[in-house]
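Look at TrEMBL and you will find Asp58 tagged as active site, nucleophile. What TrEMBL records for Asp60 is active site, proton donor. The Mg(2+) binding site feature in TrEMBL is assigned to Asp58, Asp343. According to TrEMBL, the GMP binding site annotation covers Asp60.
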Amino acid sequence: MSTSSREDKTSWLWSVYNETKQQTQDLIPVISNNFVNPDTIFANNQMSLQDIEIYGFDYDYTLAFYSSHLHTLIFNIARDILIDEHRYPEGLKEYDYMPNFVIRGLHYDVQKALLMKIDAFHYIQLGTVYRGLNPVPEKEVIAMYEGSHVPLEIMSDFYGKVCHTMKQFMDIFSLPEMTLLSCVNDYFMKHNIDYEPVHLYKDVKEAIGDVHVRGIMYRAVEADIEKYICYGEQTHAVLRKLSKNGKKMFLITNSPFDFVDRGMNYIVGKDWRDLFDVVIVQADKPGFFNDRRKPFRRVTDKGVLLWDRIHHLEKGQIYKQGNLYEFLRLTGWRGSKVLYFGDHIYSDLADLTLKHGWRTGAIIPELRKEIKIMNTEEYVHTMTWLQALTALLEQMQVRPPGCNYIQFLKTNCFNRLRTKDIFNAQFGSLFRTYHNPTYFSRRLSRFADIYMASLSCLLNYDLQHTFYPRRTPLQHESPIWPEQTSTGAMNIPFQSHRTTTGSE
């Protein structure tokens with residue numbers, strides 16, 4: 001190729017680049033007018049509230065939301081248990097809880113002591129692998145895993161149960177556990193202490209478990225409930241709305257009765273039990289959904305366990321343990337007329353949707369924060385430009401690579417990093433690994449019919465409303481509808497359009 005023709009081609013490529021950039025700039029005001037409302041309920045599966053007769057709820061992070069003080073409390077107590085009871089170094093007291101270090105849904109390689117984010121296709125998102133508090137270079141990750149793919153046999157299984165190699169952290173309560181793991185690893189590495197990663201993982205897991213099992217967390221929350229429980233998620237209004245519309249309601253939680261009673265008194269009021277037809281505590285989910293052996297046992301208001309056989313689940317009574325099969329037999333509440341809400345994708349929702357045909361709703365508190373970030377001008381600009389660059393790179397592959405291609409590639413990589421860092425500097429978004437959905441997202445779409453930031457989102461919808469999943473085009477399909485946006489996300493059917501309040 002002559003110098004003249006090469007210069008002509010370079011000039012043409014830059015003109016295409018600049019034209020695309022200008023088109024992107026022109027699109028931003030249009031996109032900015034279509035911001036997603038954080039109070040939207042999103043659908044993975046078509047579902048009509050008109051068909052729902054019975055509403056079920058988990059307690060923690062479903063009916064009750066907690067402040068960041070709770071995670072700090074769990075971290076500090078578990079750290080001190082490691083020092084006082086497992087003889088870990090006193091120097092660990094130098095570490096404080098870091099609320100913005102980790103995100104939910106991460107995987108931890110127990111044997112390699114690595115925390116990472118994995119996508120729906122089992123590929124590690126390079127740049128999100130941490131040993132302790134420090135990122136692991138991409139070349140080292142690729143060498144350790146012979147690429148960036150994690151085989152199925154060393155990952156958690158379909159239900160997220162722990163295997164010998166990988167643990168996935170799906171629970172909101174696991175945030176302090178991941179942070180503590182990272183801090184202890186960091187301390188040992190900084191001080192050149194030889195240690196067995198498997199032992200460290202088990203010790204941290206046991207210490208975190210003790211915070212719950214010994215009742216330390218429960219007593220602390222009950223003693224200072226205003227510090228730990230966030231009042232304002234309009235839980236009472238949601239329950240009152242359902243009750244006024246003649247809906248049956250039940251509560252199934254792993255938490256003990258005293259703890260739930262204290263929290264619900266604060267959130268709803270002393271008459272909270274009048275709203276529920278059945279209340280089950282210390283249910284031992286997910287075993288509750290699978291183990292047929294444990295019968296229900298009635299608990300008195302003073303916490304005394306009664307020995308009588310349970311023939312009916314009576315309103316106003318409190319029951320402990322039990323199992324779903326006995327619950328179905330005693331209530332007759334079966335199939336798609338039941339909608340159960342929970343925050344844990346595996347423990348709360350998986351069995352219900354796969355084995356029992358209940359409808360499921362996932363409560364994802366992180367959703368509100370991520371949507372607000374997505375609605376910022378910085379994010380819109382970065383994402384729009386990233387997609388335009390990706391399209392350019394795809395087209396330019398058919399041409400001989402040159403300095404322009406390399407430059408575009410560098411710009412593309414920079415924008416990909418920006419879209420990660422804008423959510424979380426270490427691990428990015430809960431829902432995406434660059435172009436692909438995360439492993440968490442794939443499970444969310446599989447096990448939840450609908451998902452939302454909090455139960456308060458229900459106040460914006462009529463109880464006759466039908467949720468429709470967005471028909472996004474498959475890779476081989478062309479977009480038919482010009483606005484490929486979530487159904488109802490931009491103009492959700494607020495009841496205020498028809499009535500003055502959200503609680504009929």
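First residue shown is number 1, and so on along the chain.
Just so it is clear, glycine is given a Cβ too, placed from its N, Cα and C backbone atoms.
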Provide, as an integer number of angstrom, the distance between the C-alpha atoms of the residue listed as 'active site, nucleophile' and Asp343 (Mg(2+) binding site).
8
Using Cα coordinates, what distance in whole Å links Asp60 (active site, proton donor) and Asp343 (Mg(2+) binding site)?
8
Cβ neighbour count (within 10 Å, all chains shown) around Asp58 (active site, nucleophile):
24
Just counting, how many other CB atoms are there within 10 A of the CB of Asp343 (Mg(2+) binding site)?
23
Within 10 Å of the Cβ of the residue listed as 'active site, proton donor', how many other Cβ atoms can be counted across all chains shown?
21
